[in-house]
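Novice: Questions regarding the structure given below will be posed in turn.
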Amino acid sequence: MGAPACALALCVAVAIVAGASSESLGTEQRVVGRAAEVPGPEPGQQEQLVFGSGDAVELSCPPPGGGPMGPTVWVKDGTGLVPSERVLVGPQRLQVLNASHEDSGAYSCRQRLTQRVLCHFSVRVTDAPSSGDDEDGEDEAEDTGVDTGAPYWTRPERMDKKLLAVPAANTVRFRCPAAGNPTPSISWLKNGREFRGEHRIGGIKLRHQQWSLVMESVVPSDRGNYTCVVENKFGSIRQTYTLDVLERSPHRPILQAGLPANQTAVLGSDVEFHCKVYSDAQPHIQWLKHVEVNGSKVGPDGTPYVTVLKTAGANTTDKELEVLSLHNVTFEDAGEYTCLAGNSIGFSHHSAWLVVLPAEEELVEADEAGSVYAGILSYGVGFFLFILVVAAVTLCRLRSPPKKGLGSPTVHKISRFPLKRQVSLESNASMSSNTPLVRIARLSSGEGPTLANVSELELPADPKWELSRARLTLGKPLGEGCFGQVVMAEAIGIDKDRAAKPVTVAVKMLKDDATDKDLSDLVSEMEMMKMIGKHKNIINLLGACTQGGPLYVLVEYAAKGNLREFLRARRPPGLDYSFDTCKPPEEQLTFKDLVSCAYQVARGMEYLASQKCIHRDLAARNVLVTEDNVMKIADFGLARDVHNLDYYKKTTNGRLPVKWMAPEALFDRVYTHQSDVWSFGVLLWEIFTLGGSPYPGIPVEELFKLLKEGHRMDKPANCTHDLYMIMRECWHAAPSQRPTFKQLVEDLDRVLTVTSTDEYLDLSAPFEQYSPGGQDTPSSSSSGDDSVFAHDLLPPAPPSSGGSRT
């Protein structure tokens, strides 16, 4: 035993010498935090730390100089700390969870053998402000014993997360905990500019004691860079955070797969069904049990008979509603149970079965009797499945086409693209159940995510729409669309009456760097146009080239471009509001021409509504004009991912799509035919201002506030009172009170009938100011004569030409 004892004594001596020698080594500055751990202060120096009530106090004390430091003990106010559920003691780290005033005091980390102090901290736990009101922070300015100096961060490890992404409507808090002597001040910048409460709808909360900025109910316009500036007379420091606000998903509730799960219970036991619901909009949850009425589980209309077991009450929470508890189950409790969850978009449901078994002693007898039958049944089912597999393989071989020649390209990847169906049905409809699928085989030697160099795509041929590539001659580019480029072309065989005569068409095709999603979207748009059918006032599908090369989608060509530029090009010449003073003016428009434009667009939207299609982006820029001045609505078949569209930022040419959106679409992402009617009212305003920009000079943040307060745009100069009343009805705050497109067609037809053909526009009337760059000029939001707003929420009297609403 002599040798082991000597070795143990030698180890202890080495540890003591190493601890003593470490006193002479330099140390780095220590940082307190929940995540990062860095060296602590030099022995003898006391670190002053301030924590909020309820925070986790975490003290870190690495070995000085990085060497060994042996066993340690943590001491508070001279008394050793005893580990507990709230006090977590480690060799180099101490955590005190849910801190309170009693946890304030002097903490130190000491070597157990020598009692040498390795790190020393002074901790003070303060109350967080009880409300969001601004605090003056004077109680933070007392002398803390720290030497006079520039500001510094006290909790830098809590500031590591510089990018914050949160869903809309959440509360965001940025913190910059700092100290200095004298106590520094803190100010906030957004995108490099001073940020105050009046700069944001809903305001902000500045909690100086917490060195924090709080924003409640964030919206996408709150995106940006937020910088805290902490300074005193000796210096300043700053930290920048980036905030990204994620759009609310316009989707019916999503239920977690596999829940509720089937249950098997013994008579008299307790059972719980669980249903996990995910929904951005507030969900409503119910638990249902399927029952029989007169021996039938469904009614004459196919609706199942159910009993509501659990639903929302005054004091129930969503978490409570996600669990259905059944106590002391009986045989009558066996059956099908459904979790039904709904929101403003639609409904989702999952079902599960409960099987109730007799008591355990009865089960033993049943098992013995049933084991023989189970064995026979399993062998029989296995043999039957084997026969089915053999028959299926044989049938597939007989029906399979002959293999391609050696010169044919190899199919490297087959993708099954779910096509986003733009025919948006009523809010309770299941979009997924009606989603068409098109099987697409990519023929290429590449395996990358793009479709570059793809010479051929295998799409199922549709004889009704397929056009031979030999009959198509591509021409000049017309522009770039969502999925690729659009070119002019001449097609032979489009007009069945004159099959040999070439017809000018527009061809949509993918760009060279297109992705699989771009292909899916273009195919989706094509399929949507097939389903919606033809109408004079929409852009119609003419054909497609899907075989033997790139995908080409042929649509009608509109020679005069979009309605917005069509109107601007026909503004009276010689004035500063004309679209292009260097270009000869086009034909002058009469008042009846403008009413005709509106009437035709209403006709097109009436047809789309009858086909259950919601446009979601109706504006003059999405209406095209043919050579014969026929209005055609475009882009109604686009597979828009509406919760990813950034409607809160300017587009490249300065337009703000929020200005066409109904309040329920803008704030809640609810799109209906009624929200399209609101957009139609804005389009009417565009028409009668000859392509004016809605709400000129109004910042987006102020627009939100003004719309909520009921402000609406004033009557355009070249618009009658009756037409303005139609606009105002389209802008009713309640979607159900807005006219339908069928009613709008009737109203505009009535106005068109009584309008004189020779009634030209008043050239002396002022138009909305427009600059080719699309930048809005600053203007007042007051309600004066030049304001673009009117204050009354509803018109004082119904339009004389509008008729009654039903």
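For all residues, glycine too, the Cβ spot is worked out from N, Cα and C.
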Novice: Out of ASN225, ASN428, report back the residue that Swiss-Prot marks as N-linked glycosylation site.
Specialist: ASN225
Novice: In Swiss-Prot, CYS228 is paired in a disulfide bond with which of CYS119, CYS176?
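Specialist: When Swiss-Prot is consulted, CYS228 turns out to be bridged to CYS176.
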Novice: If you have Swiss-Prot open, could you say which of CYS339, CYS396 makes the disulfide with CYS275?
Specialist: CYS339
Novice: Of CYS11, CYS61, which cysteine does Swiss-Prot list as the disulfide partner of CYS109?
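Specialist: In Swiss-Prot, CYS109 forms its recorded disulfide with CYS61.
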Novice: Run through ASN315, ASN718 and tell me the one Swiss-Prot describes as N-linked glycosylation site.
Specialist: ASN315
Novice: Looking at ASN294, ASN453, which is the one Swiss-Prot tags with N-linked glycosylation site?
Specialist: ASN294
Novice: To the nearest whole angstrom, state the Cα distance for the pair CYS275 (disulfide bond) and CYS228 (disulfide bond).
Specialist: 43
Novice: Specify the count of other C-beta atoms within 10 Å of the C-beta of CYS61 (disulfide bond).
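Specialist: So the number of other Cβ atoms within 10 Å of CYS61 (disulfide bond) is 27.
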Novice: Roughly how many angstrom lie between the C-alpha atoms of CYS228 (disulfide bond) and CYS61 (disulfide bond)?
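Specialist: Approximately 29 Å lies between the Cα of CYS228 (disulfide bond) and that of CYS61 (disulfide bond).
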Novice: Determine, from DSSP, whether CYS228 (disulfide bond) sits in helix, strand or coil.
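Specialist: Assignment for CYS228 (disulfide bond) reads strand.
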Novice: Could you give the Cα-Cα distance between CYS109 (disulfide bond) and TYR724 (phosphotyrosine), in whole Å?
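Specialist: CYS109 (disulfide bond) to TYR724 (phosphotyrosine), Cα-Cα distance: 77 Å.
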Novice: In whole Å, how far is CYS339 (disulfide bond) from TYR724 (phosphotyrosine) when you measure between their Cα atoms?
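Specialist: About 48 Å separate the Cα atoms of these two residues.
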Novice: Taking DSSP as the reference, which of helix, strand or coil describes CYS339 (disulfide bond)?
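Specialist: DSSP assigns CYS339 (disulfide bond) to strand.
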Novice: Give me the long-range Cβ neighbours of CYS339 (disulfide bond): same chain, 6+ apart, Cβ under 8 Å, in sequence order.
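Specialist: Those within reach of CYS339 (disulfide bond), by Cβ under 8 Å and sequence separation of 6 or more, are LEU255, LEU259, PRO260, PHE273, CYS275, VAL277, ILE285, GLN286, TRP287, LEU288, GLU322, LEU324, HIS349, HIS350, SER351.
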Novice: Check the domain 'Ig-like C2-type 1' (24-126) for me and report the mean pLDDT.
Specialist: 73
Novice: Could you tell me the C-alpha distance between CYS61 (disulfide bond) and CYS176 (disulfide bond) in angstrom, no decimals?
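Specialist: So the alpha carbons of CYS61 (disulfide bond) and CYS176 (disulfide bond) sit roughly 23 Å from each other.
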